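Undergrad: Can you read through this structure? Questions will come right after.
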């Protein structure tokens, strides 16, 4: 089914206000969920909203909490999220990293006791739109086996790197081949994954998203490489924030809350003039996209460039929502 941005935001706002969330907080949160969905990231927008409400109802998320700065060391700050709403807090933290970068050239905010930030790419994009390089990542509850194991002991720990090119170039990726959100998107659409994404009941690689969801055995991105990256990203976020590691979140909490996150902004224009920056970025992009295609019908992709078209399509033709997901939201 198709809905407009206003209909989608209104549905989110209604549910939030029914939980006695303050009007301004409900409006800002509904706006972010709707923008994420409108951008084409359904897995961490509309599809994730019922799960968000479940955690809100369970008390994992404290909607009126205010993040507090704990430590300030020039370009580096450490904050405690106080388990406030994840996407609103993450936006504030990237804004703060940008402010620090304006003063120091680089800004780093380490956040502890945070909630799921929904679409991590929103915060990298937020920096790149203002002309900064944006880098951020989060740890999570253990939802992926480390390479060589059957049990989930590491997080998907998504990493975002956004570059202020035209259009914005951005990598937004979990350390698994597919996030659980993307497994759900493909399952709801009745699609196999384009490549192996996890293991079946017999320990064999499979493209069946439903089987992987059931078994909780997703495949690390790049096999041992994604597993290794997940571990070191967790270590850095834990140390810089003085927060909880994947092990602590998994073993000490009843659900995924109290995670640790990093937000970095770099003001490129302090290091290179605008014309030179743009020329260098354009040369990189041209060099890549003019390569001979492996398939004449498949364009060479630059990460993040597809979001401009997705956003335009959704604004022109309406936002496609899975009927079952929409029914869940209407029932909340």
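Using the three backbone atoms N, Cα and C, a Cβ is placed for every residue, glycine included.
When I checked Swiss-Prot for this same protein, it listed these features:
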- 44: active site, proton donor (ACT_SITE)
- 168, 169, 170, 171, 172, 173, 174, 224, 225, 304, 305, 306: NAD(+) binding site (BINDING)
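Could you give the neighbours, burial and distances for every feature on this list?
TA: Within the same chain, residues at least 6 positions away in sequence whose Cβ sits under 8 Å from that of residue 44 (active site, proton donor) are 36, 118, 119, 120, 179, 181.
In the three-state DSSP scheme, residue 170 (NAD(+) binding site) is classed as strand.
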Undergrad: Among all protein chains shown, how many Cβ atoms are found within 10 Å of the Cβ of residue 225 (NAD(+) binding site), not counting that one?
TA: 12
Undergrad: Within 10 angstroms of the C-beta of residue 170 (NAD(+) binding site), what count of other C-beta atoms is obtained when all protein chains are considered?
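TA: Counting Cβ neighbours of residue 170 (NAD(+) binding site) within 10 Å gives 23.
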Undergrad: Going by a 10 angstroms cut-off between Cβ atoms, which of the binding-site residues 168, 172, 174, 305 has the sparsest surroundings?
TA: 305
Undergrad: Using DSSP, would you call residue 305 (NAD(+) binding site) helix, strand or coil?
TA: coil
